[in-house]
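Engineer: Just passing along the structure, written as structure tokens.
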Amino acid sequence: APIPITAFLSVASKAAGFALFIRLFYFSFRGTNVNWTILLSIVSALTMTFGNLAALPQQNVKRLLAYSSIAHGGYLLMGVVLLSGDGIKAILFYLTIYMFMNLGAFFVVILVAKEVGSENIDGYKGLISRAPFVAVAMVIFLFSLTGMPPLAGFAGKWVLFAAVVEKKLYWLAIIGVLNSVVSLYYYVRIVKAMLFETSEDAETLSFSRGSMALLMAFVVPTILLGVYWKPYDFLKDLPLDRFIG
């Protein structure tokens, strides 16, 4: 699929899907005899593991990010597992963060593919010298997707993992952390190409001011939400019926 469609689906499908999940499991299934916590925990663990393992061998950055999106769906399922208001608010916080860092990463893929003519990791070689701001922005998005501090992805994962630990689902939190470590490997491959490898084509890449402004609009919240957690504190203080009628 074209990159903009892939990027849109990676965010929009999650937002719609988790809205449905919340209504089904929080309001409809909580009173049943089925142990949804265990079942959803297993689905969460399998989803994040499959997504990350499938992303490992990818050379195409768009495809790598698409599989990574599956893994992030697994992380978000950790919030559904809680079957609680705090879980719902953790999901909303993570989805907000995910929107900025994931769309930002896909936007870089669009920019690079248009100029270089390739979506493969090799096309990112030497990007730091050919388009410094684009390269730095991509590093920020990728490390945030990994969950590295002090970026927004760390804040989002911290909220989800902490809530799972509070529920005493230690094994699920450990699997989440291990999957984040796995994701670091394939994200670092792109970072390595951009910062430490050289391209045969040393021509500087040029992008429009509008594109750079949009890229900055993704970068700023990806950094800001990592060091400024007030939005989550605000979410926690709101009554649940503000989110779901």
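Keep in mind that glycine also has a Cβ here, set from the backbone N, Cα and C atoms.
Predicted automatically and left uncurated, TrEMBL annotations should be read as such.
Note that the coordinates shown come from a computational prediction; the quantities given were computed from them, not determined experimentally.
Under the heading domain 'NADH:quinone oxidoreductase/Mrp antiporter transmembrane', TrEMBL lists 1-182. What TrEMBL records for 7-26, 38-57, 64-85, 91-113, 133-156, 168-188, 209-229 is transmembrane segment.
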Engineer: Among the recorded stretches 38-57, 64-85, 133-156, 168-188, 209-229, which has the greatest number of Cβ pairs closer than 8 Å to the transmembrane segment (91-113)?
Structural biologist: 133-156
Engineer: For the transmembrane segment (133-156), give me same-chain residues lying six or more residues beyond its boundaries with a C-beta closer than 8 angstroms to one of its C-beta atoms, as numbers and ranges.
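Structural biologist: That would be 68, 72, 93-94, 97-98, 100-102, 104-105, 108, 111-112, 124, 127, 180, 183-184, 187-188, 190-191, 194-195, 205, 207, 212, 215-216, 218-219, 221-227, 229, 232.
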Engineer: Which sequence-distant residues neighbour the transmembrane segment (168-188)? Criterion: at least 6 residues beyond either end, Cβ under 8 Å.
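Structural biologist: Residues 37, 41, 44-45, 48-49, 52-53, 55-56, 58, 64, 68, 71, 74-75, 78, 81, 142-143, 145-148, 157, 160-161 contact the transmembrane segment (168-188) from elsewhere in the chain.
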